[in-house]
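Here the structure is laid out as C-alpha cells; the discussion comes afterwards.
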C-alpha cells in the first residue's frame, strides 16, 4: 500500500499544500509586520506632532478655553479625529461632529509639567515642557529693551566679521548665538556663573559673574546675579498678568546689567552691613548703552528676579539648605545637579497656575480598527485548502492510476498466455502513449508468437518429409525389399543434403535474430560480383530452359561482406530460376542510386498477388504450400536475404503483378561511414 501511486500522489500534494501554506503565511506575516511597523512609525510621528502642538498650547495658556480651533486644525491636517477630555472624562474639545463616544483608551496625557517621553523623546530630563515660561515670561517693555541691547551686540559682532544670530527663549528673553565660537565667557571653577541677589557681605560679584557664560561651541550658558535661596518665607507667586513694579530691571549708570548696585565700600546695596536690600523700583532705568562687542549679556529683569526669588524659596523648602538658582541663556531656570529633583518639583509648583491642567488626548476613531486575529478562521481556511488539495490529488491520481492498472492487468493476462490482451486507450498524453505502446507491443508479440508456431510447424514439416524418405528406404533395404543401388543412394544423399541446408539456414537466421551474425566488410566491385554470380547460376538456368542475363551500369563499388552478399544475391537468383517456367527470362543488373547501390533480380514467372507481397520475406512462407516439394528449397531463402540486407544497413523489397513476373531489389549503402547493424 505504501508504494501505491495514489497514496504517493496524495502525500506529495498534501506536502506541497502544507509547504505552500506555511511559506505564504510566513511571507504574508513578514510583509504585514513590516507594513505594520511602517504604519506604527507614521502613526507615532503623527501623534507626536499633535501632542506637541497641544503641549505648546497648554504651556502658554492657564486654561483649555479656546483650544477648540486648535483641535479642529490638527484634525484637519492629520485626517484623524482629535479630542481632549479631563482626567475625569469630561470632554474639553472634539473635532468629530455629533460628539460621538470617545475611544476606549487615550493616546496620551497632555501635561506640560509631565511630558510623555514616548511621544516626546527629546523632552527635558525634568519632563517639563520648555515652553512653559510661567512667571518668567517677560512683558513687552522688558523684552523690547533686551532685544535692543542684544541686537546692538549682534551688529557689533557682524561689523567685526563674525556671524551672530539673535534668538528668543520661551519667556521672550533674547540671547545671542555666535557661530564659530562662544559669545560670552565660559564659566570655570574660578569664574562661577554669578552672585545671587541678596548675597551676604563680602560676596563681591565681578562683571564676568554678572553676564551670560557659554561653553565652547555654543553650549549652555548661565545668567548670573540671580537668586540664592533666601531664609525668608516664600513670596507670593506673581500673577501671569501682574505688571512689573516701576523701574524693575533697571541699573545704575555705569553698573553691569544684572548685578546689584554697590555702596561706596564696594558692598552690594542690600547686603548685610551695607544698608537696606536692593529694591529694583528704586533704580531709574538708564538709556540703552552704546553698541559694544563686549560679551556681557543683559542681566535679569525685575520680572525674572521676582520669579527667581520665588523659585529659590521653593527649592530651599525642598532641600532644607541654600541652593544657587540661575537662568540659562534662554531664560530657563537652572540649578546644580544635586538639586535637580528639587528644582523640578519647585518649577512644577511655580508653573501650576500658569499652564493648563493635564488632559487626556484621543486620536483616531471611536471604533477599534485593529483587526483581531481569529485562530479558528485561519484553521478553517487551512483545512479547506488541504481538503481541496487532497480532493484534487485523489481525482488526478485516480485518472492516472486507472490506465496504469489496466496495463498491469493486461500484462498479467499476457503472461498467462492470452495473446489477445489489449488496453482500452481513452486518456491522452503520457498515460495514453503508455497504453498505445503496450497495445503495439502486445500485437507484435502476438504476431511473433503466431509466426513462431507457424515456423515450428513448417520446420517439422520440412524436416519430417526428407527424414521419412531416408528412414523408409533404409528400412526397406534392411528388410531386403529394396536394393541400395546407385540411384537410391543418390536420392538418399539429396534428401540428407536438403536437411543440412534447412539446418544451416535456421542456424543463420537464429544468429541474425540475436545480432551475432558476423560480417567481414571489404571493398567490393559490384560488376565483378554480378558477373561471378551470373556465371555460377547460368548452368542451372540453361537446364531449366531459361535465359539468364546480367548487366551493370557504370562501375559501382561498396563496402560489404562479399561472401554474405553473394549468398543473398544467389538466393534471389535461385528463387527466380526455381519459380520461372521454361522459356522464361531471368535478369540480374546493378546500378548506383545516390549513396546506395541497387541490385535487382527480375523474372517472367507467374508473379505474386498484392495480398501476398507483405509475407514474401517471412520464414517458410509459400504462395502454394503444395509446391514446396516440387520446387524444392527450405522456405527460408528470402528470409535470409532480408536479414543479410539489414545486417549491411540496407533493405530488401519486392514488386510484382500477377502474370507479369516479380522483381526483387537489394538496396545497400556504399559509404564506408555507414554503421553496421550486426
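Any Cβ shown, glycine's included, is placed from N, Cα and C.
Bear in mind that TrEMBL entries carry predicted annotations, made automatically and left uncurated.
Not measured: the values here are computed from a predicted model.
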From the ranges 105-160, 161-216, 329-384, grab the one TrEMBL calls region 'Disordered'.
161-216
Can you tell me how the residues of the domain 'HAMP' (398-450) break down into helix, strand and coil by DSSP?
40 helix, 0 strand, 13 coil
Looking only at the domain 'Histidine kinase' (458-672), report the model's average pLDDT.
84
